[in-house]
Amino acid sequence: MMDGPRSDVGRWGGNAWQPPTTPSPEPEPEPDRRSRRGGRSFWARCCGCCSCRNETDADWGPEPRGDRGSGSRGRGSSSGGRRPDSRGSDSHRPGSRAGGVNAAGDGTIREGMLVVTGVDLMSSRSDQNRREHHTDEFEYDELILRRGQPFNMVLHLSRPYESSDHVALELLIGNNPEVGKGTHVIIPVGKGGSGGWKAQVTKASGQNLNLRVHTSPNAIIGKFQFTVRTRSEAGEFQLPFDPHNEIYILFNPWCPEDIVYVEHEDWRQEYVLNESGRIYYGTEAQIGERTWNYGQFDHGVLDACLYILDRRGMPYGGRGDPVSVSRVISAMVNSLDDNGVLIGNWSGDYSRGTNPSAWVGSVEILLSYLRTGYSVPYGQCWVFAGVTTTVLRCLGLATRTVTNFNSAHDTDTSLTMDIYFDENMKPLEHLNHDSVWNFHVWNDCWMKRPDLPSGFDGWQVVDATPQETSSGIFCCGPCSVESIKNGLVYMKYDTPFIFAEVNSDKVYWQRQDDGSFKIVYVEEKAIGTLIITKAIGSNMRDDVTHIYKHPEGSEAERKAVETAASHGSKPNVYSTRDSAEDVAIQVEAQDAVTGQDLTVCVVLTNRGGSRRTVKLHLYLSVTFYTGVTGPVFKESKKEVVLAPGASDRVSMPVAYKEYRPHLVDQGSMLLNVSGHVKENGQVLAKQHTFRLRTPDLSLTLLGAAVVGQECEVQIVFKNPLPVTLTNVVFRLEGSGLQRPKILNVGDIGGNETVTLHQKFVPVRPGPRQLIASLDSPQLSQVHGVIQVDVAPAPGGGGFFSNAGGDSHSGETIPMASRGGA
């Protein structure tokens with residue numbers, strides 16, 4: 001990504017997170033804020049009709065003391081930033097004594113005062129509020145709302161409500177709540193409000209007051225403290241803060257006034273509410289897929305997501321802006337330069353943590369970060385993207401996980417992928433700094449972009465994998481997909497880097513006798529060859545390449561590439577191209593499983609009218625999915641004579657024993673083909689990557705699944721290798737079914753079959769995904785999934801429970817059975 005002057009909303013160095021402190025027995029009182037506001041009382045500030053009643057202003061006691069849902073540096077974090085209890089609340093809360101606050105501030109309740117004896121926020125999962133706000137799946141007891149949408153509450157009073165009574169609701173968040181920053185919201189009941197906030201009486205019956213409260217579509221997201229103030233002839237009263245009355249407010253893709261609004265309901269069901277999805281990997285010709293448990297509604301995950309914002313020290317005033325929030329998340333999901341959620345590791349040595357291939361979901365990662373405050377080892381691109389999807393969906397942004405095959409990593413901002421060769425077309429590795437990843441996984445999230453010119457709303461790329469810095473930090477996006485498609489690389493944020501990932505050309509440079517370099521071949525369809533995501537409402541693949549780029553070879557696509565390149569570091573690269581092509585080259589590789597022999601073939605075709613003689617060189621090596629290659633372990637040279645219009649095939653057999661010593665985690669085979677045509681000097685250059693498949697885990701449900709009742713799953717695995725798998729670890733996870741669980745099963749012999757049985761207790765009804773993985777030093781990237789249709793508990797409904805338990809580490813599981821090949 002290009003460094004340079006820009007307004008960077010992704011980082012605030014002056015607001016860095018500080019370790020939470022232990023609450024003192026009694027919080028120090030704040031100075032009376034009235035002295036800073038010209039002595040005007042609460043009612044004089046919020047209600048114009050009371051501004052003239054100065055004779056009673058002095059009766060108001062101090063506003064609630066201490067921090068209110070403080071964020072990065074205090075206790076009572078809006079997200080439980082101090083790694084909280086289940087509610088993220090301190091036992092010592094401001095105003096938490098048993099009685100209310102009266103005019104004198106001494107807790108005395110006067111006869112005739114309008115005292116709020118209790119509040120019913122209708123916050124249970126089965127209540128109308130949670131259902132209407134599409135938050136009933138959250139495993140929380142607190143009220144969770146989506147902004148810009150009304151909700152109901154009931155105030156329980158000490159006497160019937162009268163028309164002369166004044167009632168105001170207050171929401172507060174952050175260390176120093178201010179009305180002007182949106183962190184202190186005052187809502188006078190029946191008086192209307194500002195910025196979309198208002199509250200109306202819907203029913204006054206006896207000592208109950210029913211209210212309909214409207215929230216602003218631009219509200220800050222986070223966890224707010226809630227209180228009620230009343231005023232009557234007998235005096236004024238403030239309801240003490242109660243952790244049970246804290247309110248979460250999220251973005252609202254159902255609200256047309258919210259800039260994250262999504263028009264289509266099936267999109268919202270998939271990109272906001274779906275708790276699992278598919279992540280794709282491998283190569284374009286051999287696509288692998290795995291199920292990922294996003295788990296955005298699991299207990300504790302919402303607190304973890306808000307803790308991420310606190311940990312970065314993001315100002316509360318900016319938390320209503322999805323552009324700012326998504327940029328912070330792209331920086332904080334990786335650990336570089338800000339101690340974020342995940343530590344990236346592409347070394348192949350995962351002995352100090354978890355192999356990235358072994359994760360099956362985001363829940364274990366996020367809860368570990370919330371619980372300990374330490375970055376979790378380890379992640380690679382699909383893990384960063386899976387966690388980002390969880391966080392953004394949890395906060396209310398429509399988000400999907402996207403895979404780009406043949407994804408370029410442009411290190412010099414040339415917006416081309418440059419590969420350098422010597423005079424004999426041998427790669428000059430010391431010059432080849434750009435790389436092409438077999439696949440790369442990032443995120444799209446949906447929002448309007450008021451910070452950009454019109455026409456750039458909709459899908460925005462956010463990439464949390466740390467590759468290059470943006471304004472000095474490892475974050476990427478949000479970047480409008482429309483700007484990527486048209487090569488408008490001057491649009492923020494990070495468009496040049498993402499454009500090069502999907503739509504740059506691979507340029508082959510050959511060193512000449514005088515030491516200069518000349519373009520001998522431009523491969524125009526080698527980068528961003530396929531961009532896919534999970535389809536809406538099914539497990540099919542959805543090809544979204546067309547929204548990222550114009551059709552390959554079209555006039556619009558060529559214009560986009562050359563427009564973008566003109567803004568890069570090599571603006572005249574296309575003026576030097578020189579190539580002649582009448583011999584075509586194609587590579588074929590059979591579908592093979594790890595442990596089997598295989599064969600690769602190169603097909604040459606003479607499309608000219610004269611005979612052609614081709615001198616061909618084949619080099620085979622193992623490559624990481626990031627494009628980093630190992631040494632060549634097999635090569636072949638051959639001369640092929642082609643008659644006009646003829647084709648010929650050159651084959652290279654590869655035995656398991658030849659590639660076994662070179663296998664790496666998430667690795668594939670890379671075939672480099674180079675050569676030249678004797679008659680016309682045409683240079684041939686081709687790189688082809690293919691992967692070796694790994695086996696799947698077979699999951700079978702043994703009996704019906706019912707909420708609250710124990711059921712059992714069977715897991716079967718056959719080792720495809722003739723060698724023993726050592727220190728085998730299984731992982732099991734499924735939202736509403738099973739909290740993340742780790743199973744240590746020891747060694748599995750060569751070609752051996754093993755069977756495991758595991759019991760779990762579903763906690764939520766409906767269709768669920770139970771996901772498992774296997775990892776060992778000898779074999780990884782082994783997964784399995786089963787859909788579990790959970791029936792409601794007898795009597796109806798689901799229930800929140802910790803029955804699934806937390807992550808279990810070091811549990812040794814005996815094998816139910818073992819079998820030979």
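Each Cβ is built from the backbone N, Cα and C atoms, and glycine gets one as well.
Note that the structure is a prediction, hence the values are computed from the model and not measured.
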Annotated range (TrEMBL: region 'Disordered') out of 172-196, 447-471, 797-821: 797-821
Within the domain 'Transglutaminase-like' (373-466), residues counted as helix, strand or coil by DSSP: 15 helix, 39 strand, 40 coil
Entries of Cys381, Asn503, Asp505, Glu552, Glu557 which, being recorded positions, have CA atoms within 10 angstroms of His440 (active site): Cys381
Cys381 (active site): tally of other CB atoms within 10 A of its CB: 28
The one of Asp463, Asp505, Glu552, Glu557 whose CB sees the fewest other CB atoms within 10 Å, among these recorded positions: Glu552
Inter-residue C-alpha distance, Glu552 (Ca(2+) binding site) and Cys381 (active site) (nearest angstrom): 26
Among His440, Asn503 [recorded positions], residue with fewest other Cβ within 10 Å: Asn503
